[in-house]
Amino acid sequence: MQEQSGIKSFWNWMWQLHDQAKDLMSFAVTGNPEKVKPKEDDRKQAGNGSGPNQPANGSGGSGSSFDTRQKVGIILGPLLFIVTLLFFEPEGLSGSAVAILASTLWIATWWITEAVPIPATSLLPLILFPLTGGLSGDATASSYGDNTIFLFMGGFLIALAMQKWNLHKRIALFIISLVGTSTEMIVLGFMLATGLLSMWISNTATSMMMVPIGLAVIYQASEQLKKEGEGQVDHSSFNFGKVVMLGIAYSASIGGLATIIGTPPNTIFAAVVSETYNIEVSFAGWMAFGVPLSLIFLGIAWVYLVKMAFPMKIKQLPGGREVIDKERRGLGEMSVEEKIVLTVFGVTALAWISRSFLLVPYVSGNINDTIIAMTAAIILFLIPSISKKGDFILDWGTAKGLPWGILLLFGAGLAIAAGFQETGLAEWIGNQLTILEGVSLFLILACVIAMVIFLTEITSNTATATMMFPIMASLASALSVHPYSLMIGAGVAASCAFMLPVATPPNAVVFGSGYLRIPDMAKAGFLLNVFAVVLVTLAIYFYLPIVWDIDLTSFPQKFSQ
């Protein structure tokens, strides 16, 4: 009985990690926003081993029942694995490469169907790769300890410290307070604050913090309309409410594009490049490309929302500033702990940005972005709190909120990339794609971006990007073009799904506000998806070669070695 209880506790804990991972990426396939929204009580129950039969987001499978999609996935994954392993024998493909391909099909099927928790599926490479002879156990396991995974971990620990002391909320309210009482400028303030925060902390945490503030301002606007004789305001037809909510959701996704740690696909791209080509993508290098792209896209999204998608009747909101000021007063004076976190964060961000030209020449040893991130995290663990005796700026109870499930997903993605590279599977796939030779890179890039954007409306952006990166690297090799073009295209596109409540956690959170209907989101999001295809394609094709000093039309010789 004790053994059964232990197994059940572990299973429920894995579903808790699954839920946490889905909070940080889009993987829910359900139309019920209440099921997509995180439920803290359910998570606590799962952590205690006494959770409900269904995980908090309604995925199913944590108890005695699986839904139809999961039942299909449970059977289909191993079936594809067995059939590929036994009967797929193409010319020029080694047995180890077939083993990696078969294992990847099983893993991808379970990721897409959520047959078992995402973190549990992410452990499959540790079992399948060595057993089938695809990749050694040591080589597979080393992927789960990759440098970039610890960069993401360090960044997230800093973000958790910000959230513990409410510094993120103070920053958001300060930015919003800088704008005037024009409704359009208030929307811009919300989008700038959300975008800035999502550069450093998870999109889900950002949107969940911003929505209550947005709802307070929307309520003030509806009260203003009542006073002007408009009568009771219908939430579903109140354009100001729609624009504020969508502005928060869209900017949470767009802001994450600006930094390597802003959204998981960016982090995985850097890790896969390091694993595949032994090339480091620096924090500052990514920001040189990501920040301008994010700012331009944020501006386009703002103009589109306030001028085209949902023009607003109410132009001024005199009471809006009062709501924000009230929220700021509620936070009180800036605490010593907030100042410490802000200082550590500021120094860390400066070190990330200036490492290549300031730190490296004066610091002995091989300093990288991961060392900077982990140093900052350790410092936060060392500094005691002034206002709470016995507490620290960052404690392990807070650090337990790390997205362990996504870290496992990172490891699985890197193991797959290593398997593709080491066994020659990547080269073989590339050779099969030579039929695209002669097709314009611009056209291929646009098609890849469009495909990934609309695919991630219903699948995980992180899992989709993880699966696409090795394929894009192979395609680039086959076409003799720079792999960054297609890999960055797929990675950025994975963060640009705006149509459905289930596309991203921020979409799900704002959908639950009551101010949006699915047709509203689909209509507005479709056109923004189209804008994303155009903007990302243009940015990669014309701007990336300039800022990174690369030639997209040729495959670098050093990448072949």
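Heads up, the Cβ atoms here are built off N, Cα and C, so glycines get one too.
Predicted automatically and left uncurated, TrEMBL annotations should be read as such.
Note that the structure is predicted; figures quoted are calculated from it, not measured.
Feature annotations, reproduced from TrEMBL:
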type	residues	note
REGION	32-65	region 'Disordered'
COMPBIAS	34-45	compositional bias 'Basic and acidic residues'
TRANSMEM	72-88	transmembrane segment
TRANSMEM	143-162	transmembrane segment
TRANSMEM	171-193	transmembrane segment
TRANSMEM	199-219	transmembrane segment
TRANSMEM	240-263	transmembrane segment
TRANSMEM	283-306	transmembrane segment
TRANSMEM	370-387	transmembrane segment
TRANSMEM	399-421	transmembrane segment
TRANSMEM	433-455	transmembrane segment
TRANSMEM	486-503	transmembrane segment
TRANSMEM	524-544	transmembrane segment
Contact between the transmembrane segment (486-503) and the transmembrane segment (199-219) (3 or more Cβ pairs under 8 Å, separation 6+):
no
Using Cβ atoms only, state whether the transmembrane segment (240-263) and the transmembrane segment (72-88) have three or more pairs under 8 Å that are 6 or more apart in sequence.
no
Against the transmembrane segment (433-455), which of these stretches has the most C-beta pairs under 8 Å: 72-88, 171-193, 199-219, 399-421, 524-544?
524-544
Any contact between the transmembrane segment (199-219) and the transmembrane segment (143-162), i.e. 3 or more CB pairs below 8 Å with pairs at least 6 residues apart?
yes
Against which stretches of its own chain does the transmembrane segment (399-421) lie, if we need a Cβ under 8 Å and a gap of at least six residues from its ends?
17-18, 20-21, 23-25, 100, 103-104, 107, 117-119, 121-126, 129, 134-135, 139-140, 143-146, 148-149, 152-153, 156-157, 160, 202, 264, 267-268, 271-272, 275-276, 381, 429, 462-463, 466-467, 469-470, 473-474
